[in-house]
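Since the structure comes first, as structure tokens, the remarks are kept for the end.
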């Protein structure tokens with residue numbers, strides 16, 4: 001065998017092995033998708049086989065019995081508002097830090113660094129009491145406020161990027177008479193778009209996927225987020241497995257679409273987010 | 001918090017009086033307008049920090065020394081009694097033990113599997129972007145949803161997906177999630193299944209930054225694939241390993257969704273976690289004192305891990321820089 005032939009054989013062997021492993025890893029996903037098209041009886045007979053008769057009945061049933069559309073609206077409201085304010089608060093703070101070098105900014109920077117290491121579990125009980133005392137438990141607003149704690153993470157990611165901005169450009173704008181907020185809006189924001197995209201994509205995923213806070217803070221059925229709806233469906237459909245699989249698939253569809261379009265930024269967030277504690 | 005509140009913090013007449021000093025950059029002069037603006041921009045995050053982090057943390061520490069149950073006007077000071085209870089209550093100890101076991105095992109096994117996977121995904125083969133995306137995707141959905149799916153697959157019933165396959169092959173059904181040790185193993189297995197592609201993607205980013213000529217030189221010198229892996233790839237991956245293991249261990253300590261989705265912490269307390277214990281004791285059962293003591297211990301543990309990570313990063317970057 002010539003070296004080039006050997007390389008070709010190696011490539012084919014790797015193709016088979018790696019793709020084979022990928023397919024084995026994906027079996028659970030195949031399992032839940034394929035069973036949504038089967039009857040309960042069909043599923044019990046052959047859990048991993050193809051359906052005898054393809055049916056969309058479970059999708060019709062699930063949309064008929066569960067307020068899924070409402071859950072999607074709730075998840076979208078919480079995610080959009082929480083991520084928008086987290087990112088804005090974080091970016092504004094990062095800008096405030098680079099505007100000035102003083103004992104005050106140094107102290108704020110150090111405090112935020114420590115706050116960054118405090119896990120949400122440490123503050124959960126007082127936060128619950130606090131929100132209960134002002135009537136914010138069981139409201140989407142209360143949930144959004146809790147997520148604002150993540151703006152410290154957004155700040156940490158943004159400030160590192162902002163320190164590398166060419167200060168001469170900001171200075172030129174100031175000489176031209178632009179105020180600090182105008183400079184932020186017109187010059188700084190466009191220049192930090194790459195890191196903002198990364199932060200937004202990363203925060204969108206973690207907010208959309210969160211289960212702990214909605215499960216603790218939301219009790220009304222009409223306020224449930226998509227993830228909470230899936231969890232509650234498990235109790236409701238104990239014996240009707242295909243119905244449970246169906247709501248799971250419905251909940252995963254937006255995540256798949258988001259993944260396909262934003263994979264690049266998730267990877268960059270993964271690398272940048274390395275500082276996340 | 002609304003958009004309106006934020007815009008009010010920005011001083012309107014920000015353009016400052018006086019010509020800019022040619023020598024000192026404007027952003028370091030500390031002129032009043034910039035100072036006010038800087039403070040204004042920092043104001044929202046300071047409010048967030050005080051309301052959502054600092055004040056609750058102080059309260060947690062205070063509650064942990066009291067018998068507060070949410071109803072007394074004046075909770076009694078009980079000293080270290082709550083902390084003593086954490087270390088004597090069997091259900092809490094099991095939860096503590098499982099959380100540490102989970103964090104350590106997922107970190108070790110995921111790392112050992114993710115590095116070779118990243119090397120494989122970095123080599124040339126057909127369907128590369130498909131395989132990369134598929135492995136990576138498993139880390140993207142919510143862990144509670146993946147946990148619930150696996151709960152169906154590993155159902156101890158004879159009709160459970162895996163068991164029905166075993167039975168059709170003439171084997172006996174296995175009590176996957178109803179046996180303590182099997183349940184622990186299953187939860188850790190699923191966590192690794194979900195995390196390995198995610199962390200391989202992280203390593204892949206570091207691998208792609210390794211200069212190609214290092215490998216070419218090594219080939220010329222006669223190093224085989226394994227030697228190249230040990231002497232070139234691994235040292236180049238050290239910063240990636242620091243980052244990845246740090247994420248794994250902190251996420252492992254904070255674990256809650258996945259075991260809760262698969263087993264609700266059972267059977268018994270076999271897969272109970274610290275986070276679940278904080279939520280159950282502190283919020284569901286209103287034992288604020290006990291829950292807070294757990295939370296304080298948990299925070300200290302997380303801080304130690306973060307500090308250890310910082311030290312380690314410092315040592316390693318000096319060693320390999």
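Every residue gets a Cβ built from N, Cα and C, even glycine.
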Problem set entry | Given ranges B:164-185, B:186-207, the stretch to which TrEMBL attaches the annotation transmembrane segment | B:186-207
Exercise. Quick one: do the transmembrane segment (B:186-207) and the transmembrane segment (B:92-121) reach 3+ CB pairs under 8 Å, ignoring pairs fewer than 6 apart in sequence?
Worked result: yes
For this session: Determine which residues of the chain contact the transmembrane segment (B:133-153) at the Cβ level, with the cut-off under 8 Å and only residues 6 or more beyond its ends counted.
Result: 117, 121, 160-162, 177, 186, 190-191, 193-201, 257-263
